[in-house]
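K.L.:
So that we are looking at the same thing, I have put the structure below in structure tokens.
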Amino acid sequence: MLAKRIIPCLDVKNGRVVKGVQFEELRDAGSILEQAKFYNDELADELVFLDISASIESRRTTLEEVLKVSEQVFIPLTVGGGINSVERAREAFLHGADKVSVNTSAVKEPTLISELAERFGSQAVVVAIDIKNVGSHYEVFTHSGKTPTGLDTLEWAHKVVELGAGEILLTSMDRDGTQKGYDNVILKEISTSVGVPVIASGGAGNLQHLYEGFSIGMADAALAASIFHFRQHSVREAKAFLQEKGIAIRL
């Protein structure tokens, strides 16, 4: 059995880590570099760096900050936000990214997924999918959750894998920042059907929620921000808890 992963997420805006609720009401969560170093020392399995306003503002990811982080951490680093071409992905890799995450750009131009996979390998391509429960189904949203696409989540998840995505980062906008737990219904549906690793995101508020993301949602990795940024729990504490619960995890 492959070990499950704990992945802190740095949502970055204007050179600072921020955290909101349902993609709104952003509050400061500290220095990018200090948080990155902290998670490296805490033995996080990976780190995600998302420039959350890059796509909205139609600009590149803040690569100078990515480089600073990559020079200080020794765990895999995924970079997203404004990655809308092979060239921009290449720049991210040159600045220290191990993987790139695409979201809005993949919906606009799905062939970008294939181009990235062919150039850099599927293992380096993460497709982030931001979703909302709209009653009859879960719909995909883009531009940091501001634009509905009409796409069905399950159909889009299968499509991105067909195109070459090596991993899916699935974020429930309904749960984001609420600390009420992951949406394990759609998480399980995606995790058990797509054939690539799925990262649970949106809603982790305690260690039990992480456990449920693995045991009920069947996720391969759990991404969290609030509970770690504001030191409600540590990554080490989370891993010890999960191991006690019988989850295969790297300590």
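A Cβ is built for glycine as well, from the same backbone N, Cα and C atoms used for every other residue.
OK, Swiss-Prot features for this one:
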- ASP11: active site (ACT_SITE)
- ASP130: active site (ACT_SITE)
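I'm curious about the neighbourhood of these features; can you describe it?
P.N.:
ASP11 (active site) has a Cβ environment of 24 other Cβ atoms inside 10 Å.
Secondary structure from DSSP puts ASP130 (active site) in a beta strand.
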K.L.:
Looking only at Cβ atoms, how many others are within 10 Å of the one on ASP130 (active site)?
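P.N.:
The answer is 27 other Cβ atoms.
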K.L.:
Measuring Cα to Cα, how many Å separate ASP11 (active site) from ASP130 (active site)?
P.N.:
14
